[in-house]
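Enquirer: Sharing a structure below in structure tokens format, with a few things to ask.
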Amino acid sequence: MEGEINNFIMVWITVLASLAYCHTVDKIFPKGYTRCLAILPVICLFFYLPLNLTSIHLGGTTSFFIAWLASFKLILFAFCKGPLYSNPPIPLSRFIPLACLPIRFSAGTEGFSSQETKKKSQKSPTNYVTKIILLVILIRVYDYKNYIHHYIILFCYCLHIYFMLEMILAMVATLARVLTRVELEPQFDEPYLATSLQDFWGRRWNLMVSNILRPTVYDPVLSISKRVMARKWAVLPAVLATFLVSGLMHELVFYNIGRLKPTGEVMCFFLLHGVSLAMEIGIKKVLKGRFTLPWIVSGPLTLAYVMTTSFWLFFPPFLRGNADLKGCTESIAFIESVKNHRLVSPNNVTCPFL
């Protein structure tokens with residue numbers, strides 16, 4: 001455990017130094033190929049750094065924050081685009097958290113007033129308290145895992161992942177809000193209220209990922225597609241390309257968590273949803289609003305489809321690496337370390353819930 005923490009500290013020191021370097025590059029090379037060549041080694045380094053961590057909490061979150069979000073933001077930055085690029089340059093104190101954390105500063109040019117943004121980005125305390133209570137109940141449910149149907153447990157995992165992601169991203173956003181004194185846009189928008197796949201993936205689920213995939217993958221592919229096919233259908237290849245890249249990055253994150261050889265199941269999950277979403281968009285364009293399912297029907301159908309395909313393709317590789325057991329033992333080891341004022345290795349604790 002001590003070695004993992006030391007590695008974690010060294011990884012993040014390297015990340016901070018690399019981002020400070022990129023901030024300097026922006027001043028030396030305002031544009032051009034030289035700028036891209038200067039930033040490219042940092043992007044490659046960000047894909048490599050999470051491999052130095054093996055824990056699910058430290059390694060998994062670092063892989064998501066650095067190998068995915070930060071590296072994609074730096075790709076845009078290399079081409080003078082994206083949230084990191086500004087003229088004049090943004091200060092280093094904002095450049096670093098904006099690069100390495102799943103946050104996005106709201107700007108008046110994006111159509112949000114300060115009051116509107118604050119209302120949108122800050123959910124009520126009751127909302128978070130309710131989700132924390134539900135998360136605690138879910139953890140207690142695992143006590144009876146051997147007596148509950150497998151699919152019910154997988155459904156609990158769906159809720160668990162959503163609650164945990166929202167809590168983690170909300171805490172990160174709150175920390176960034178305190179340090180930078182800037183209102184932030186929400187990371188989730190109640191995905192269980194989605195009425196279609198387009199609504200779920202584009203407007204409600206993990207908006208930080210959507211916001212970084214849109215300029216790095218969707219928009220460039222859409223621009224190319226418009227040159228070779230009718231504008232009406234150009235969006236379809238862009239959607240497929242976006243889900244392809246998302247699948248690749250999820251495979252990378254899963255590898256960093258379990259260190260198992262990728263099986264392609266996670267990639268298939270996102271490709272399936274990319275194809276499904278493209279079909280949904282195509283059908284909507286053909287029907288032109290002449291027929292729509294009521295939300296009371298489309299909502300449950302959407303969530304059922306997401307969860308069923310998750311049971312089939314998303315969770316098997318996740319659980320094959322004992323991610324649930326690793327996550328549980330690491331959490332207990334952390335609690336024991338705080339209680340005993342000394343580091344406790346996850347190998348020395350057992351999880352009573354699994």
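Every residue, even glycine, has its Cβ placed from backbone N, Cα and C.
Caution: TrEMBL annotation is automatic and unverified by curators.
Found this in TrEMBL, in case it helps:
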DOMAIN    185-271  domain 'Wax synthase'
TRANSMEM  6-25  transmembrane segment
TRANSMEM  32-51  transmembrane segment
TRANSMEM  63-84  transmembrane segment
TRANSMEM  148-172  transmembrane segment
TRANSMEM  233-257  transmembrane segment
TRANSMEM  295-315  transmembrane segment
Enquirer: Which of 32-51, 63-84, 295-315 shares the most C-beta pairs under 8 angstroms with the transmembrane segment (6-25)?
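Expert: It is 32-51 that shares the most Cβ pairs under 8 Å with the transmembrane segment (6-25).
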Enquirer: Checking distant contacts: for the transmembrane segment (63-84), what same-chain residues at least six beyond its ends satisfy Cβ-Cβ under 8 A?
Expert: 11, 15, 19, 22, 26, 30-31, 35-36, 39-40, 42-43, 46-47, 49-50, 53, 90, 95, 98-102, 104-105, 208-209, 212-213, 215-216, 249, 252-253, 256-257
Enquirer: Averaged over the domain 'Wax synthase' (185-271), what pLDDT does the prediction give?
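Expert: A mean pLDDT of 90 is what the model gives the domain 'Wax synthase' (185-271).
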Enquirer: If you run through the domain 'Wax synthase' (185-271) with DSSP, how many residues end up as helix, strand and coil?
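Expert: Split by secondary structure, the domain 'Wax synthase' (185-271) comes out as 64 helix, 0 strand, 23 coil.
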